[in-house]
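Student: Have a look at this one.
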Amino acid sequence: MSQWFELQQLDSKFLEQVHQLYDDSFPMEIRQYLAQWLEKQDWEHAAYDVSFATIRFHDLLSQLDDQYSRFSLENNFLLQHNIRKSKRNLQDNFQEDPVQMSMIIYNCLKEERKILENAQRFNQAQEGNIQNTVMLDKQKELDSKVRNVKDQVMCIEQEIKTLEELQDEYDFKCKTSQNREGEANGVAKSDQKQEQLLLHKMFLMLDNKRKEIIHKIRELLNSIELTQNTLINDELVEWKRRQQSACIGGPPNACLDQLQTWFTIVAETLQQIRQQLKKLEELEQKFTYEPDPITKNKQVLSDRTFLLFQQLIQSSFVVERQPCMPTHPQRPLVLKTGVQFTVKSRLLVKLQESNLLTKVKCHFDKDVNEKNTVKGFRKFNILGTHTKVMNMEESTNGSLAAELRHLQLKEQKNAGNRTNEGPLIVTEELHSLSFETQLCQPGLVIDLETTSLPVVVISNVSQLPSGWASILWYNMLVTEPRNLSFFLNPPCAWWSQLSEVLSWQFSSVTKRGLNADQLSMLGEKLLGPNAGPDGLIPWTRFCKENINDKNFSFWPWIDTILELIKNDLLCLWNDGCIMGFISKERERALLKDQQPGTFLLRFSESSREGAITFTWVERSQNGGEPDFHAVEPYTKKELSAVTFPDIIRNYKVMAAENIPENPLKYLYPNIDKDHAFGKYYSRPKEAPEPMELDDPKRTGYIKTELISVSEVHPSRLQTTDNLLPMSPEEFDEMSRIVGPEFDSMMSTV
C-alpha cells in the first residue's frame, strides 16, 4: 500500500495538513499521478547531490510524459492540459536548480510520514481510550452491583432486628393478656375483645414482616447469583486468560486484588445471610404458626446460600503464580528434572473465621487419564516439601496464600528401558500440578482444589526451546487447563495469532517487539509469498519441519536469534539499529537507491545457531546496477570476542596492494555510522603492565586489537579509486598483522 493511498484514508483534520504541504511550486496533482514512483526514489540523496538531483529531475519529466501519453489514449483532454502545465511549471522553476525540487519533494514525503504517524498514534490513543473506558465502565458496573449486594444485606439485617423487636413485643402482649385473663377479677369482655383485635393486628404485622424478609433474602440471593456468575464466569475467566498470555510473554497479568475485593464482599454477604437465616430460625423456635414463611422457606434458602458460598469459595482458589524454575523466570511451565521450581496458590476470599492452619498439598498428575491411555507417558514423583500451611504472610494484602519454593521432579524408572514407541515426544507430553486444601468453619467444611496450566518436563536443558514451543502453542490456542492430550492432534494456528505471540517473545525480554515488516518476512517464511492474517500454520511447520532448504525448523532458528539478542545485541536491538528479519530481495530493494556505503543489519537465514550480518551497497563505476556485499554472519562465538559495534567500527575490506578501507558509512536509511553506534564503542583501556620494570623507556606491551577484515579481489570492489596503493613493504606488514591466512587467501586469487 502506497504512502499516498494511506494518507487518503485519514480523517479530514489530517487531510487538511496534507493539503497545506502542496502549492503551485510542486502541485498535488503530480503527487497523485506519480505516487508510487515518487515514493521509491531517494530524494534525500538528491537534495544534496547536484548530479543525482539533475538525473531525478529529468526522470520526473519523463514520468510526466508517460502519464501524458496515458491520458492521450484515454482522450482525457483536461488532464492532458493539466499535465503539460505542470511540466512547464517544473521546468520554469527547477531547470536551473533541481536540488531545490528534490529538497521540496523530500520534505513533503517526510512531512507526510509524520502526519501518518500522528494519525496512527491518535487512532491508537482513541482505541485505547475506548477500551479503557469500556473496561472502566464494566468495572464500575460490577463494583456497583457488589456494593449493592452489601447494602441489601445490611438492610435485611435491620429488618430482622425490627422483626425481633416486633416479635418480642407481640410475645409480651400475648403473655400479659393471658395473665390478665387468669386473674380472679378477669377483664371486661369489651376490653378483652379490644386486646384480641390489637394482638391480631400485631400478628399480621409480624407475619408480613417475616414474609417481607424471606422475599428480600430470596431476591438478594438472586442478585448474588447473577453477580457471582459474572465474577466466576467472566472476570475470573478473563484473568486466567490474561495469565496464560502473560506466561508466554504477553502483557503483564492484571493484579488479583480487585477480584479479591469483590469475591470477599460477596462471600461476606453470603456468610451474613447464613447468620440471618439462623437468627430467623431462632425466632421461629420462639414463635411459629401455620403457615409460617420461615418454616416453609428456611431449608431452601439455607441450601441455596450454602451452594452459592461453596461455589464462590471453590472458584476463589487459584494458582496465582504458575510453576517456574528460578533459573528461567521468563519461561514458566517448563520444568527440568532435578531443578527446583516454585508455584504459588491463593484464596481470593479474606474471611476472618477461616482456620489459619489450612494446609495446601501439591500433587503431580493426579487423576490424569493420559497415564493409562497414552503409551510411553512418563510418571514423576515430587521431591521436597510439597505441603504448606496457607497463611497471610505469603501475601502483602492479607489474603491466604501458600508458595511452595523447593519442589523438584524425579522420573519414576520402570523396569527395563523406556521405549520411544509412544505417540508423543518428551516436549509434547503435557503434565499438571494440582493443589488441595480445605476451608474449615464451625459446621462447615469445603474441599478446595485447583490445577496449574499444563507443564512440560524436560531432562536436559537442550530440550528447553522445544518445550517452550509446546507451551507457546498450547496457551496461544487453548483455555482448558487439563487438555493434556492436546499434542496427539494439535490444531493449526492463524498467522494473526502466531505473529502476536512471536512479537511477545521479543518484547518480553527486550524493549522492542517485532514490527509489521519483520513479521511480514517471518510470515512469508512460514506461509510463502501470499502470507496473510488468515493463513493457517500447522504445529509441525512451526517447530518440526525444516524451513525451505535448511536443515533446521522455524522455531529453533527464532530461539537462537533471541538468545543472540539477549546476550550480545540487546542495546542495538532496543535502539532499533537492527532491521533483523528481512529477506535478501527486500534488503536489496531498500539499499538499491541509497548512497554508497549504506548498510543494514539482518539476521542470517542460513545459520541454525543464530547469527547476524551486514550488507552494504556500492555504486557501479560503469553506471550499471549497484553492487551489494554481505559479510559472513557473526555468531555468539565471534561476538563473545569482539562486540558488534566494534566490529562495525573497525571492519575493513582489502584488495591486493591497497590500504584496507571501512566500506560501512551510513546505517540505513541515512544515519552516520558513528552516530548510530558510537556510544557502544569500546573505550581505550589503561596502559598494561610494563614488559621490563627496570627500563624506563618501556611503557608496556604493544596493544593489539581484533578487527574483521574481508580480503577480496579488486574486481569485486567497485570503488577501488578510493583505495590508496601500498608499497610492497606496507603490503607485507599489513599481511603480517592480518594473519598467516592472508597469504594463502591471496595465493588463490
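Placed from the backbone N, Cα and C atoms, the Cβ positions cover glycine too.
Annotations per Swiss-Prot:
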type	residues	note
CROSSLNK	Lys703	SUMO2 cross-link
CROSSLNK	Lys703	SUMO1 cross-link
DOMAIN	573-670	domain 'SH2'
MOD_RES	Ser2	N-acetylserine
MOD_RES	Lys114	N6-methyllysine
MOD_RES	Lys175	N6-methyllysine
MOD_RES	Lys366	N6-methyllysine
MOD_RES	Lys525	N6-methyllysine
MOD_RES	Lys637	N6-methyllysine
MOD_RES	Glu657	ADP-ribosyl glutamic acid
MOD_RES	Lys665	N6-methyllysine
MOD_RES	Tyr701	phosphotyrosine
MOD_RES	Ser727	phosphoserine
MOD_RES	Ser744	phosphoserine
MOD_RES	Thr748	phosphothreonine
SITE	Leu724	site 'Required for recruitment of EP300/p300'
Student: Report the nearest neighbour of the residue listed as 'N-acetylserine' in space among the modified residues Lys366, Lys525, Lys637, Lys665, comparing Cα positions.
Tutor: Lys525
Student: Of the modified residues Lys175, Lys366, Lys525, Lys637, which one sits closest to Lys665 (N6-methyllysine) when you measure Cα to Cα?
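Tutor: That would be Lys637, nearest by Cα distance.
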Student: For a quick check of understanding: among the modified residues Lys366, Lys525, Lys637, which residue's Cβ has the most other Cβ atoms within 10 Å?
Tutor: Lys525
Student: Whole-number Å distance between the CA of Lys366 (N6-methyllysine) and the CA of Lys525 (N6-methyllysine)?
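Tutor: Just about 41 Å between their Cα atoms.
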Student: Let me check the 10 A CB neighbour count of Lys665 (N6-methyllysine). How many other CB atoms are there?
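Tutor: Result for Lys665 (N6-methyllysine): 17 neighbouring Cβ atoms inside 10 Å.
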Student: Taking the Cβ of the residue listed as 'N-acetylserine' as the centre, count every other Cβ atom within 10 Å, in any protein chain shown.
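Tutor: Taking every protein chain into account, the count is 13.
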Student: Does Lys114 (N6-methyllysine) have same-chain partners at least 6 apart in sequence with Cβ under 8 Å from its own Cβ, and which are they?
Tutor: none
Student: Using C-alpha atoms only, work out the spacing between Lys175 (N6-methyllysine) and Lys525 (N6-methyllysine) and round it to an integer in Å.
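Tutor: Cα of Lys175 (N6-methyllysine) to Cα of Lys525 (N6-methyllysine) measures 92 Å after rounding.
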Student: Using Cα coordinates, what distance in whole Å links Lys525 (N6-methyllysine) and Lys637 (N6-methyllysine)?
Tutor: 26
Student: Within 10 angstroms of the C-beta of Lys175 (N6-methyllysine), what count of other C-beta atoms is obtained when all protein chains are considered?
Tutor: 10
Student: Averaged across the domain 'SH2' (573-670), what pLDDT does the model get? Just tell me the whole number, please.
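Tutor: On average, pLDDT over the domain 'SH2' (573-670) sits at 87.
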Student: By DSSP, how many residues in the domain 'SH2' (573-670) are helix, how many strand, and how many coil?
Tutor: 23 helix, 26 strand, 49 coil
